[in-house]
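*Asks:* From TrEMBL, for reference:
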{"type": "COMPBIAS", "residues": "340-360", "note": "compositional bias 'Low complexity'"}
{"type": "COMPBIAS", "residues": "365-378", "note": "compositional bias 'Basic residues'"}
{"type": "DOMAIN", "residues": "22-62", "note": "domain 'B box-type'"}
{"type": "REGION", "residues": "339-399", "note": "region 'Disordered'"}
{"type": "REPEAT", "residues": "228-329", "note": "repeat 'Filamin'"}
{"type": "REPEAT", "residues": "400-443", "note": "repeat 'NHL'"}
{"type": "REPEAT", "residues": "447-490", "note": "repeat 'NHL'"}
{"type": "REPEAT", "residues": "491-532", "note": "repeat 'NHL'"}
{"type": "REPEAT", "residues": "536-579", "note": "repeat 'NHL'"}
{"type": "REPEAT", "residues": "583-626", "note": "repeat 'NHL'"}
{"type": "REPEAT", "residues": "627-670", "note": "repeat 'NHL'"}
Amino acid sequence: MEAHQHSPDSSSEECTVLEAPPDKNACPQHAGKVADLYCTDCECVLCEDCMSDHEEHPTIPLSQALEQHRSSLQERLGTVQNRLPQISDALSFIKEILQQLTSQRASIEEDIQSSFEDLHKQLDVRKSVLLMELEVTYGLKQKVLQAQVDSLTRGEGDIVATCTQSEEALAGEACVASLQAERELQEKLGELAGLGLPCQPEENDQLDLVMETDGLRKSIHNLGTIVTTSAVASQSEAMGAGLEQCIVGHPASVTIVTRDKSGGACKSGNAILSAEVFTPDGSIVDGEIVDHKNGTYEFVYIVPKEGDFSLALRLYDQHIKGSPFKLTVNRVLEAEVEVSPSTTTATSSAAYATPSTGSSEGAKRRGKSPGQKKKGSKRASSALGTPRRKTQNPIEDDLIFRIGTKGRNKGEFTNLQGVAASSSGRILIADSNNQCVQIFSNEGEFKTRFGVRGRSPGQLQRPTGVAVHPSGDIIIADYDNKWVSIFSCEGKFKAKLGSGRLMGPKGVSVDQNGHVIVVDNKACTVFIFQLTGKLITKFGSRGNGDKQFAGPHFAAVNKNNEIIVTDFHNHSVKVFTPEGELVLKFGSNGEGNGQFNAPTGVAVDVNGNIIVADWGNSRIQVFDGSGSFLSYINTSADPLYGPQGLALTSDGHVVVADSGNHCFKVYRYLQ
């Protein structure tokens, strides 16, 4: 039989029937129908069978509806895609905050460990001292009593032995042979009868321990506090007359209310808040921020001249709601300031700022508030740097040279603050808003500068104070980074100190032991550190008492290793021991000899005289070591405008940061 074979065209597989794909515009309600309309009310597609249910509804061609939907989708896609850079920036910023939070946690943990290790060491030292004191006291008492015991024991032994011998002699037969021995015993008994023995105690057994531990336990229980708030910038807001009106040379006040992410008012203080008023020429007018410790803060500032101003309020380096605020400030005419009380109201209609909201409230803020005048507010009475009084007898010191203009290049400054002078003939300038330190020779020749803007160790955010350590290291107070950075003389970063402790370091100095003196403007406290970063001591708090400060600025150290601090808003200079005990206080608010309107920079000459930059009066005053006024440095050749840091150069001249004029000046100083 022939095998059955399949022919190529006789496949046993069934043929697959290919169906036409469904119409992409098919009506979802009626099979086989094509939708060609779109109901805008119901937002659905329609075929001819659907029309009976949508006769009175507006319709458009399906193609038009599809095009509109595509256009809308594309628009929304673009909107959402445009958010990606914003989200990316926010992500980077929040990651940076998280990193800073982690870094701060590590720093505080290190401080806690270090502090308690120090306490343990101090307790161990005290324990050793007490044990040693116990041994010494016991030894002295034991020696006296033991000597008394030994003396009595010997006396007792002699008496017992002699008495025994005498009793034995008496028990025997009396004879010539025993006569001599009995005579000797009788003499010895006579001696023993009169023997002086220390029968009364010559010491006592008192050894008590007084340990006042209750107060210590309470102090330990309350030792240390982790300070934070839940405040966020996006919810926090500002209010007050300082946002609506302002007069040239008069204080304006703004209240800041901090809120959490849900808009709830924060009830505690210690938030990190910064406030800056930018003048038309770009310089900064500082003010004072007062923490009311209840979640609200007050910023008081004074504008130095008329024009358009910008007020920036930042919480944790982020603008709060509405910040920056715009203000237009009008000048008070000099004649209007001097009018009698009966005519004040009639002449003050043009004296107030016209803010962006158009408010022009009346004459409520004409009075001067001592202690609130801000830098650059130069009055006519002190236009030459010294008040116009013939009795003041200024020393005729001359301006040697000035260096700088406003800018960001070498030899240019923007809001220069601290000044230092090295023994090697260098002048160092903390160029605050340019985030760098510039170095010049004593003759004013530019040498170098260093500094990179940022918030990481080794970077500068707002350098305000500078000092030179005997080792040659350069010490910089960074106000916004809240730490002090240490650089080599070549500008290479070496270390930082005070992180986690400082709130707003303004000025720095070095004492005769090489310790770093830090003036914390925000905390109103003076800190003393070793160069390693170990805290030695601190003193001061906010207030107007003798050992309190209100916005302290700079410090200097005299030959007695005493610390001289300028107390800005208390208009005084205070001298302390290294332990924080007040030695001397001088100065009051005013324009006369020895008075201040917010002192800033300070230096001490070889004779112990104290040189002070009088910021609000735009002058430099000289005092002897006891605080008595001596003279002015004559700045009439080129008037100062809000002087800040001040130092004595190695060749005996005075160098001052003329912040309002964006330069530093060197004056001949007659010591």
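Using the three backbone atoms N, Cα and C, a Cβ is placed for every residue, glycine included.
Unlike curated records, TrEMBL annotations are generated automatically.
Help me picture these features in the structure, burial and contacts included.
*Replies:* According to DSSP, the domain 'B box-type' (22-62) comprises 5 helix, 11 strand, 25 coil.
Model confidence over the repeat 'NHL' (400-443) is summarised by a mean pLDDT of 95.
In terms of DSSP helix, strand and coil, the repeat 'NHL' (447-490) has 0 helix, 22 strand, 22 coil.
Helix, strand and coil residue tallies for the repeat 'NHL' (491-532), in that order: 0 helix, 21 strand, 21 coil [DSSP].
When Cβ-Cβ distances below 8 Å are used as the criterion, the repeat 'NHL' (536-579) is approached by residues 288, 370-372, 418, 465, 506-513, 515, 517, 519-521, 523-530, 585-590, 595-604, 608, 610, 612-613, 615, 623, 625, 627, 644-646 of the same chain, each at least six residues removed from its ends.
Cβ atoms under 8 Å from those of the repeat 'NHL' (627-670) belong to residues 283, 304, 375-378, 383-386, 392-407, 412-425, 427, 429-430, 442, 444, 465-466, 507, 553-554, 573, 575, 584-587, 593-594, 600-605, 609-615, 618-621 of the same chain, restricted to positions at least 6 beyond its ends.
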*Asks:* Are there residues at least 6 beyond the ends of the repeat 'NHL' (447-490) whose Cβ is under 8 Å from a Cβ of it, and what are they?
*Replies:* 96, 100, 272, 274, 317, 410, 417-424, 426, 428-441, 496-499, 502-510, 514, 516, 518-519, 521, 529, 531, 554, 645
*Asks:* How many helix, strand and coil residues does the repeat 'Filamin' (228-329) contain under DSSP?
*Replies:* 3 helix, 54 strand, 45 coil
*Asks:* Within the same chain, where does the repeat 'NHL' (400-443) have neighbours whose Cβ lies under 8 angstroms from its own Cβ atoms, ignoring anything closer than 6 residues to its ends? I mean 6 or more beyond.
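*Replies:* Distant contacts of the repeat 'NHL' (400-443): 281-284, 449-453, 459-468, 472, 474, 476-477, 479, 487, 491, 506-508, 554, 601, 638, 644-651, 653, 655-659, 661-668.
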